[in-house]
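> As listed in TrEMBL for this protein:
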- Lys91, Arg279, Arg280: substrate binding site (BINDING)
- Met126, Gln154, Thr217, His218: FAD binding site (BINDING)
- 37-289: domain 'Proline dehydrogenase' (DOMAIN)
Amino acid sequence: MGIVDRVIANSVPAIPRPVVRRISRRYMAGEDLEEAIGTVRDLNKQGCVATLDVLGESTKDRADAAGKLEQYKRVIDAVVENDLASGVSVKLTGLGLDLDEGLCRSNLEEVIVYAGERGRFVRVDMEDSSYTARTIRIVLDMHERHGNTGAVVQAYLRRSLGDVRLLAEAGVSVRLCKGIYVEPREVAYKGFDTVRQNFVLLLEELMKAGCYVGVATHDEYLVWHALRVSHELGIPKGGYEFQMLLGVDEQLRRILVEGGQKVRVYVPFGKDWYEYSTRRLKENPKIARYVAQDVVGGALGLIKRR
């Protein structure tokens, strides 16, 4: 993260909540399902597919986890009823992992079966490194029983090559991203170039194994390498996909779509927008830079109107 990005990211806690809300509108699809469905519909018209995520991580009790389960069922129903090209992304802590692993497994399996019966895919999001081993284990188990289940691997984690090999051997679809959570050095690579190099290594490992990969990045260096590796291995367009966050580098998204690439957009929504937004603003340098541009642009607009 550059000096300017670091200054912006460290200033996030001081940004007033209403300002965070205004800024975050670009990066999330509102608080309710109807708004999210409208966003996915627009993305489909632009040639993109989507994955919907109900914001909110660790549940407080069993009733909270049951509520999140029902929310995901409503999301899946709405996607099917509106004939949209979208799957769902779920966090295991939202389904009760911190309460009881058995409860979490039961809730996750119910979501997966419900989605599978309706022809939809479930991506199990990765959280911080304290959950990585359990998440990989649960995904492998669910994938063995239900094919419509995918994993996420974070390229900055030192353990990820081993995880990739396990997932590749099982034929699991993998979303490969850099990683966003703050981790200690013994757990995660810290160098920008090192993380990039590990991303490419993991990408090559997955593609050579024949895995369907979601290349989740806004980094053109990594986009170029994904195109290179797919070309060298003879993987056709549609044999992998690019994945991007809602509202981030829409120009690159258009370039990829116009080039015939499959692009999936991560569409978060829900009432827990503040926690999601501040974490993204603090920990993602590219979003931090876009936020700075938004804030400066907004300030200049106010000055011009006066």
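Cβ atoms are placed via backbone N, Cα and C, with glycine included.
Caution: TrEMBL annotation is automatic and unverified by curators.
I'd like these features described in context: how deep, what's nearby, how far apart.
Of all Cβ atoms in the shown protein chains, 21 besides its own fall within 10 Å of the Cβ of Lys91 (substrate binding site).
Cβ environment of Gln154 (FAD binding site): Met126, Thr132, Ser160, Cys177, Lys178, Gly179, Ile180, Tyr181, Ala188 lie under 8 Å away, each six or more residues apart in the same chain.
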> Calculate the distance in Å between the alpha carbons (Cα) of Lys91 (substrate binding site) and Thr217 (FAD binding site), and round it to a whole number.
20
> Compute all pairwise C-alpha distances among Met126, Gln154, Thr217, His218, the residues listed as binding FAD, and give the largest one in whole angstrom.
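Max span of the FAD binding residues, Cα based, is 18 Å.
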> Taking 10 A as the limit, how many CB atoms besides its own sit near the CB of Thr217 (FAD binding site)?
25
> I'd like to know which of the binding-site residues Met126, His218 has the most other Cβ atoms within 10 Å of its Cβ.
Met126
